[in-house]
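Asker: Feature list, courtesy of TrEMBL:
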{"type": "COMPBIAS", "residues": "275-300", "note": "compositional bias 'Polar residues'"}
{"type": "DOMAIN", "residues": "39-104", "note": "domain 'PASTA'"}
{"type": "DOMAIN", "residues": "105-171", "note": "domain 'PASTA'"}
{"type": "DOMAIN", "residues": "174-241", "note": "domain 'PASTA'"}
{"type": "REGION", "residues": "275-316", "note": "region 'Disordered'"}
Amino acid sequence: MATKYKFNYGKFFRTIIVLLCLVALIRFGKDVFERHFFNTRLTVIPDVMNLNKKDAVKYLKKAGLKVKVINSKTEKVPLDTVYNQDPRPGKEVKVNRVIRIWVNNGEDVKVPNIIGLELLEARSRLKGQNIQIETIDYYPSNQKYNTILGVYPKPGTKLEINQKISILVSSQQMVDPSVMPNIIGLDLNDARELLKQIGLDIGNISRTSDPTLPVNTIISTNPAAGTKIQRGQKVSIVLNTGAAPKKRERSTEEIINKSQEEIDNQEIERIIDNTINKIDQQGTEQKNNGNTQSSPRNNTQGGGNNSDSSDDDGDE
């Protein structure tokens, strides 16, 4: 007698569970492997231009990207602000891609006090702070030759990015007391401060317009630069008031409206003239009609007088 086969449900379900676990494990392992060795997940690089560094890093990391910050100095954006990024925003890249951002970390630079220093030493100190000299003017004094007498802007002033300074240096003592420094192009207040440092002051101030120069800057001086002067002498200056205001040109609409107003005024005048003429004509017609109606009465009265005269003649 044949033995009847009995199906083992427990073994069947255990086999199914093991197979499902193997499939899940293989799938999970594949994802981990691809993520670490063959990263295929993509993300879009956000635009972090003109953002401060903290926000820029936050947005890039939120997009699944890594960040490399490069600090540099520029005048394009305020301090601690992103002014460049690579790769460019909007590009689709793999997750964990390193994005480089350039941040302006230009520190505030103040004019150091170099008054009294020898020119070579002053230059070395300025170079150490990345401050450039724009002009060097020489002024005769009792100080040692090449000694710094003054600086513009004055010491302690915060400089803008790439702003340069001007210095006044002692020249060899001359028989003549002084020589007028060149202050043309300086702002009025700055020129006054520079002259004050060497014992001079601004006297008469006249004004003129020069559109090629900044407003409130000195156009000319009297005495002129290089002229011998006495210490304490007043310096007359000519100050630029800027370009003369231009007469505003009328727009096409204004011209059309003005022309229409003139046409309307002419039309009103024409109507008034016609009305006055009509009134004058009506007055003339009424006067003529009145004269015409009074003529028969005059004729009748004249005829009566003639009859009376005839009767009188007959009686006689």
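Any Cβ shown, glycine's included, is placed from N, Cα and C.
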Asker: Summarise the model confidence on the domain 'PASTA' (105-171) as a single mean pLDDT, whole number.
Answerer: 84
Asker: Which residue counts does DSSP give the domain 'PASTA' (105-171) for helix, strand and coil?
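Answerer: Across the domain 'PASTA' (105-171), the residues distribute as 10 helix, 26 strand, 31 coil.
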